[in-house]
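Quick look at what TrEMBL lists:
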DOMAIN    201-308  domain 'Cadherin'
DOMAIN    309-416  domain 'Cadherin'
DOMAIN    417-522  domain 'Cadherin'
DOMAIN    523-627  domain 'Cadherin'
DOMAIN    628-729  domain 'Cadherin'
DOMAIN    730-832  domain 'Cadherin'
DOMAIN    833-938  domain 'Cadherin'
DOMAIN    939-1040  domain 'Cadherin'
DOMAIN    1144-1235  domain 'Ig-like'
SIGNAL    1-23  signal peptide
Amino acid sequence: MHFVRWELRLMLWCCELVSLAWCYTVHISGDEGVRTAVAGEERGARHLLTSQYDVHVHGRNCSHKRKRKSEWDMEVLSLFGGSGLKCHRAHSALFPVGGLLPGPPLRCKVPNSREFYFSQGGLFLSETRCWRQNRLLELDMLCDVLTGKGLIVKPISIHWRLGQGPFSQARLQKLLEKATQSDSGIVSRKRRSINSSPQFKPPMYQVSVAENKPAGTQVVVLKAVDMDEGEAGRLEYFIEALFDSRSNNLFAVDPVSGAVSTVEVLDRETKDTHVFRVTAVDHGTPRRTAMATLTVTISDTNDHNPVFEQQDYKESIRENLEIGYEVLTVRATDGDAPVNGNILYNVLNSNGSNEVFEIDSRSGVIRTKGLVDREEVEAYMLLVEANDQGHDPGPRSATATVYIVVEDDNDNAPQFSEKRYVVQVPEDMTPNTEILQVTATDQDRGSNAVVHFSIMSGNTRGQFYIDAQTGKMDLVSHLDYEANKEYTLRIRAQDGGRPPLSNISGLVTVQVLDVNDNAPIFVSTPFQATVLENVPLGYSIIHIQAVDADSGENSRLEYRLTETTPNFPFAINNSTGWIVVAAELDRESVDFYNFGVEARDHGYPVMSSSASISMTILDVNDNNPEFTQKAYYMRLNEDAAVGTSVVTVSAVDQDINSVVTYQISSGNTRNRFSITSQSGGGLITLALPLDYKLERQYILTVTASDGTLFDTAKVFVNVTDANTHRPVFQSSHYTVNINEDRPVGTTVVVISATDEDTGENARITYIMDDSIPQFDINPDTGAVTTQMELDYEDQVSYTLAITARDNGIPQKSDTTYLEILVNDVNDNSPRFLRDHYMGSVMEDVPVFTSVVQVSAIDRDSGLNGRVFYTFQGGEDGDGDFIIESTSGIVRTLRRLDRENVPVYSLQAFAVDKGVPALKTAVNIQVTILDVNDNPPVFERDEFDIMVEENSPIGLVVAHISATDPDEGSNAQIMYQIVEGNIPEVFQLDIFSGELISLIDLDYELQSEYVIVVQATSAPLVSRATVHIKLIDKNDNMPVLKNFQIIFNNYVTDTSSSFPTGVIGRIPAHDPDVSDQLNYSFEVGNELNLVLLNQSTGEIQLSQALDNNRPLEASMRISVSESNPSLFLRPQLLLFALFPAPVCPLRVIVPTESVSSYLGDTALLRCEVSGDPTPLIRWQKNREDLPLSFQPESRLAVLPSGSLQVSRVQPPDSATYRCLADNPGSTRTGTDAELRVLPEPYIVHFITQITAEVRSQHSELEL
């Protein structure tokens, strides 16, 4: 117990010791047993242990509040005895530590020093160490010890100081004072962390480095400041990427110097901003850290060429487009920043045929500026250049090739190679022989250039056929020059366009060449004639007539008589065929002649025919022959064969031996009939074929003559029709057009064929050879009508084979082909390839960036099927987007902002160019992707946070939060304190924004903290000011020292100086601003000599003291708060003196603390009273100071008597005395000590008041 009491005295002494400089607190844990060593000696070393007992010792200027737990469980001061130099060899034991710990150690280690280590229960040196006086070596030790009856393992942390020297009070005082200058010590300065944290200046780094710099390029040097010394002040730097782990591979920091440099070559286009959490860690115990942010922005160099969306663009356009038509849009992007990516477009080969196109230099839209004609140029190749206009190091460019193919429009009709084709065809040419090829060309291409031929007119008998594809013309039936010598055919050439174009100007003249294919034919054979024997010479007896169906020389005949005898009495005119009397006749000599006649043409080869002539010589008579019938009526089919007997007419001559001969004297058109005398009658026979179409009735006049006299009769021959002709279509190929929207039953065309026959032979029936369900033909009229709805998109044309058959026996027919072209009607709306479209785009993309492409098709053709795209009538995002009319590419038209509109719902239309136009809508959803373009936003610029003082350390006093309109990693916010946190009072969690207190908050020391917090979403920041206002708690006792009241009562017969009013108030105060003090006397004032206001503490003297009796009284005053547990009981000494008539001097220098840092101004006030008025002067270190105020001096006595010390400096630390003199040589003075401390500590005036009163009667020191 003696040992322990000694140590307690030592502790009390320590408190008294340190009160000379600062307030120190020694903590000794009270839960240890009696045997715990507070001070002891082990192997030549004596030890002072602290922080085991929990005894609180307070002295003047000492805080009464319980301090928070030390960083260590124990602190030990060990001193080796001896006055000379003392050394320990390497690996020697210094002393065992087990006796100093609360239990046997299981294991121990020295974490922060390589000079010491724990082994076999003792502390050992790693290397030889010599100890020096007045110098302490510090180390930390961590041990696991067994404590309690249950042998519980408890970790213990010990801070050890080792040194050499005597274990005396003076020595310990010196060491303790030195320890107070360390950040870690046995006794700790109030509110002083053992190891202060480093601080970054500035707390946020924002730097820029150009891309493509070589690896190892220095970016920035990080600098943190740590006020500690030694290992505790040695910093190590670390950086860690906050948002993108890739950044860790691109930058490195020198852990010692803090220099950040590149590890690899940087590429801005891969990542343009890198954000790191920077950490500075000291090597103190415990290790303290500071954090900052480093934002590295990669500046751009023009290292990227523009890149086209496609290297080769291919587009098809139709010819004859209007000028200004948008063909397509080329688009190039540049990975560089906008200053190096301002792309302009240009067509490099814009001359020549390419002049019909131009390009918008900004948007890349290629338009027509002239007419495009496929027949002139079928394809174009444009070389487009994109130039980025860069400056560092210079502009870059790229090219793309645009291939534009011109699609054909059917704008050219077929053209015949000749205006008129003339062909000569012999009439004997074999059928199915090609006679001619018609050619026509069309400058269009594809189906628009495919030419079909057909005969429009002139082929009445269907003797010619033209191949629709090749234009070859064939003879399909025999020609007969004698029937038709020339044919003129009109040919149509029609292309395959939609709609087709035709040319009907083609003419073909077929000239039939005569062939000598007909022998002369005598109109009657044999010829019989009679002649009177008395006719004169040259008398024409009979006209021998032959016909030749040929023409020209082939039909020119020459006659001669055959089978004649010499001196033959008859001759024939070889041109006309008349037989005349060439010699006198003599019936009596020869009454009958029988000879022949030959008719010969002039063709090649020569053709001839012969006939016999019977010539009877008649006598002259006087009776006329008479027909038995004056009229004969006969019917003869037109197909009757030549030589067919028609009728036999008969006449009777009354003359004896008269011979009647018969002759057709008139009505024998085209010499179709002949008559011969036969058996006394005249037999009429068919000499040439009949043709019902040419002549349907013949009225023949037949003359019966006896040589002189004659008689006539009429023969009516009615020609009946025969089915000799087949029906004939005017053309072998018909083409008609019909709109696809025509209703069922619409007449498409009426097909008509002609038949030269009559009656049933000419009645035609029309049929379709193939069953095509869409059409039907009326068998009687040939009207072709629709049976079903037509659809151009299903089938654009139909070809019907139509046959016309007559009703003759046998039936004859002709076939033609009807091509029905279906005209497109705008009956199909455009159809999009998808039901809806989705696209996405970054919000910071430049204007005209491609977002998505829509595509629609229209089954119609031509303008009806030509689709363009528009937002008109739909939704274009309030003008933020535009759609290219031809390509369907949706592009941005303005800058986008995801925070305003994150998703656009657009509606576009595909519209065709039909009349009326049809359109279809489609929905397009465009998602705007976020970029970090919005800084965090605090709810307010300034915050007020109320925190109760004495809140536990580590308390979350507030949650600082900001919002970021961005999303994802772009909205991740880091928080930090950038101003007002020196020294470090608060800590702000970088991610959660929790504001944590790091020290005890004491309202009486500082009632408000103002810090500036920063929210960072790299590289964007926002700041707010936070006012942390402490709420005062009743945690301080009232402060009052013992004080004295001394008064002199000077009494005369006429007057008294006894004070009757308030002479002052009890000098008590409470640091807690909210407390109300109550004052009362506990003992010593039973006579009520002093009157006390219990609320204000004001004091008055009782009238009972107004006498001449000296008095001294001791009273105890109680000062309490509203909380009765906190009160003081100082002593009051009351002196009543009987002074001389001279009023004493009074000099008061109030004790006060001035919040003035090094370099500020301090004011020492001095209050002097006396009668007469005394003179005031000041001394510094017993040397007089100038009396008058001198502004140029840093030490000046002001007119009020106070001493002003300007720009406080360390030499100003001194003792100042305020002196007062009066004419009676009375002097009094008061000393004040000024101590100047370095920033940021407060300058304290620790004043020791000494009042001296010299008079005739007494002297008092307080």
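Every residue number used here counts from 1 along the chain in the order it is shown.
Any Cβ shown, glycine's included, is placed from N, Cα and C.
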So which of 201-308, 309-416, 417-522, 833-938 has the most C-beta pairs under 8 Å when paired with the domain 'Cadherin' (628-729)?
417-522
Considering every residue in the domain 'Cadherin' (730-832), what is the mean pLDDT value?
89
Against the domain 'Cadherin' (309-416), which of these stretches has the most C-beta pairs under 8 Å: 523-627, 730-832, 833-938, 939-1040?
833-938
Top Cβ-contact partner of the domain 'Cadherin' (417-522) among 201-308, 730-832, 939-1040 (pairs under 8 Å):
730-832
When secondary structure is assigned with DSSP, how many helix, strand and coil residues does the domain 'Cadherin' (309-416) contain?
8 helix, 46 strand, 54 coil
From the DSSP assignment alone, can you count helix, strand and coil residues within the domain 'Cadherin' (417-522)?
4 helix, 52 strand, 50 coil
